[in-house]
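Listed in TrEMBL for this protein:
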{"type": "DOMAIN", "residues": "213-379", "note": "domain 'Helicase ATP-binding'"}
{"type": "BINDING", "residues": "438, 441, 478, 481", "note": "Zn(2+) 1 binding site"}
{"type": "BINDING", "residues": "447, 450, 465, 468", "note": "Zn(2+) 2 binding site"}
{"type": "DOMAIN", "residues": "458-630", "note": "domain 'Helicase C-terminal'"}
Ligand SMILES: [Zn+2]
Ligand SMILES: [Zn+2]
Ligand SMILES: [Zn+2]
């Protein structure tokens with residue numbers, strides 16, 4: 001008797017297990033391959049899973065295995081390199097394989113949709129329809145007309161039907177009678193012979209030297225470190241052109257906020273070849289179609305946000321990650337992968353170049369460049385004659401402030417507007433004020449579900465928790481002492497907008513934050529208005545800091561630069577420096593020199609001084625030397641094991657047990673160190689108490705080995721059920 005065939009299947013469940021099934025009945029078992037989808041019974045539901053292995057035995061008795069119901073694919077869904085990348089990532093990030101694979105697939109494929117593009121429907125006659133004698137449908141003249149047209153032309157599509165004035169209901173009637181059937185056809189445009197639509201810009205010497213160092217093929221990672229406006233994008237475009245002319249494809253990853261219609265338009269203007277985008281604004285069908293076009297090679301350039309790293313490409317020849325320092329490349333929940341780090345692995349396995357670009361590279365990447373793992377390419381000149389903006393700190397410790405603005409700042413805003421230029425005011429807090437305060441008894445509006453204060457919003461007026469979304473009415477009187485003198489405490493964007501409008505009543509003040517841009521196209525409309533160039537003041541959050549170029553802004557005011565300096569997250573200062581320079585980069589981009597005013601309470605802080613006086617690289621060096629001393633990434637590797645529960649003691653007890661298990665496996669020392677359980681930065685959120693255990697390691701191998709042993713033990717642990725828990729490898733956010 002032949003050996004039995006057993007399918008090992010990854011199912012989208014939170015369990016780390018793989019599931020064994022028998023093949024679907026009647027399916028030729030030689031057709032079964034890893035990477036194909038199957039529909040299987042699971043409890044009393046039906047799930048779509050992926051075949052991980054086709055094997056000849058199971059650890060369970062064969063009679064206990066259920067057969068899969070159907071095989072959905074004739075071929076594996078993903079090309080082999082991507083399939084293996086997904087398996088590796090699930091393993092490395094300690095995420096259940098079924099859920100990881102599902103995260104990597106477009107929604108419609110997870111739901112069992114065929115991996116085919118939705119084509120244009122067309123209609124033909126069945127054999128019966130063809131054999132119908134003339135005049136058979138005399139009593140239904142429209143149906144007869146349709147029949148005649150089909151007999152004459154063979155097939156009709158939607159446009160043909162519309163031209164003939166035949167309603168779909170008539171088609172449907174003939175379909176029901178079995179005389180007509182429909183098919184779908186994907187219209188494939190013939191390949192475009194030209195690579196370029198538009199002539200490339202002439203490169204500066206510095207740009208040309210950088211491009212020359214990026215090889216056309218072979219594994220190679222370049223860190224392209226270039227100040228804002230130094231022309232990194234032009235280097236991407238010309239490197240992509242070389243790749244396309246070899247007949248290969250390009251994949252470009254951009255931060256969530258960076259995939260603007262402007263970005264896409266720039267690529268489409270340059271290239272005659274098909275460019276597709278993958279982003280959250282697309283519906284499921286559009287996403288799947290773009291994904292399929294990339295897989296079958298018709299899309300030549302794919303631009304997408306984080307999850308686009310899992311796009312299958314027929315023949316990928318170059319990978320680019322723009323703004324590589326951006327934290328949106330790391331997924332913060334579920335499958336916590338880093339698209340940037342996976343890009344490096346994908347490039348390595350495909351033996352192709354990767355370009356990581358940024359004006360403020362992450363410390364990890366700078367470290368990799370210093371140690372020679374990445375090739376370091378630097379662009380220091382701004383394109384054209386544009387000069388770098390002048391950075392000025394303003395010590396606001398002893399200055400009277402008017403709604404957060406110093407007198408000098410207001411003066412400079414006035415001068416800028418009078419000269420016909422635009423002003424950008426940056427404040428990373430939306431709402432009217434960070435909270436509401438009672439001056440009589442000191443009461444503060446706090447969220448009853450989180451360890452945090454409620455933000456006061458004015459339009460419409462309410463209190464809002466930005467962590468759990470809890471909202472409530474603004475009380476008329478202090479809940480604690482009944483005083484009616486409640487007042488806003490601190491500054492948010494709404495309040496700054498109001499203050500600026502009061503100071504400059506004849507100037508347009510435009511607020512840009514998540515609240516003001518909620519409506520479709522609102523952000524685009526705001527950006528268009530600014531681009532018209534009339535004097536105006538833009539006030540907003542980090543939505544203003546990224547991607548958009550405002551050529552007429554000559555003054556940038558940073559109202560609160562201090563928050564990151566004293567953050568308990570070790571990445572706080574790095575993030576602060578990056579954000580500050582990204583915002584500063586908005587000023588003076590064209591031929592107009594810009595000025596940046598940084599209002600700070602800590603003008604003497606060594607990090608602030610280093611950043612402003614000696615620049616980002618000296619600042620990065622300073623932080624790196626501190627990280628080396630304190631044993632933090634990139635000098636040591638880290639994983640966070642998080643647990644949260646409605647009762648804090650559950651989370652603490654669970655993590656203590658996890659630490660004990662870990663120490664049994666690997667005693668603390670230089671190779672592996674443990675810290676915690678400690679409360680998270682926001683200890684209570686949405687009524688859950690949050691704790692974390694930090695594991696740090698001298699090398700990735702030791703960390704991986706420990707985590708792979710711990711994860712299944714944690715899953716089985718009795719206390720696990722009382723917690724929500726997760727493992728975050730290479731965490732970007734320590735909260
Ligand atoms: Zn009070
Ligand atoms: Zn809010
Ligand atoms: Zn809350």
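Heads up, the Cβ atoms here are built off N, Cα and C, so glycines get one too.
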Zn(2+) 1 site, defined by 438, 441, 478, 481: further same-chain residues with Cβ within 8 Å of the Cβ centre: 439, 440, 442, 443, 479, 480, 482, 483, 486
Extra residues within 8 Å (Cβ to Cβ centroid of 447, 450, 465, 468), Zn(2+) 2: 448, 449, 452, 454, 466, 467, 469, 470, 685, 686
Listed binding-site residues with Cβ under 6 Å from ligand 3, out of 438, 441, 478, 481: none
Candidates 438, 468, 481: member of the binding-site residues with the richest Cβ shell (10 Å): 438
Separation of alpha carbons, residue 478 (Zn(2+) 1 binding site) and residue 447 (Zn(2+) 2 binding site) (Å): 15
Neighbour tally for residue 450 (Zn(2+) 2 binding site), based on other Cβ positions within 10 Å of its Cβ: 20
Listed binding-site residues (441, 447, 465, 478), ranked by Cβ neighbours within 10 Å, top entry: 447
Binding-site residues near ligand 1 among 438, 447, 481 (Cβ under 6 Å): 438, 481
Local backbone state of residue 438 (Zn(2+) 1 binding site), from DSSP in three classes: coil
Closest of 441, 478, 481 to residue 465 (Zn(2+) 2 binding site), Cα positions, binding-site residues only: 478
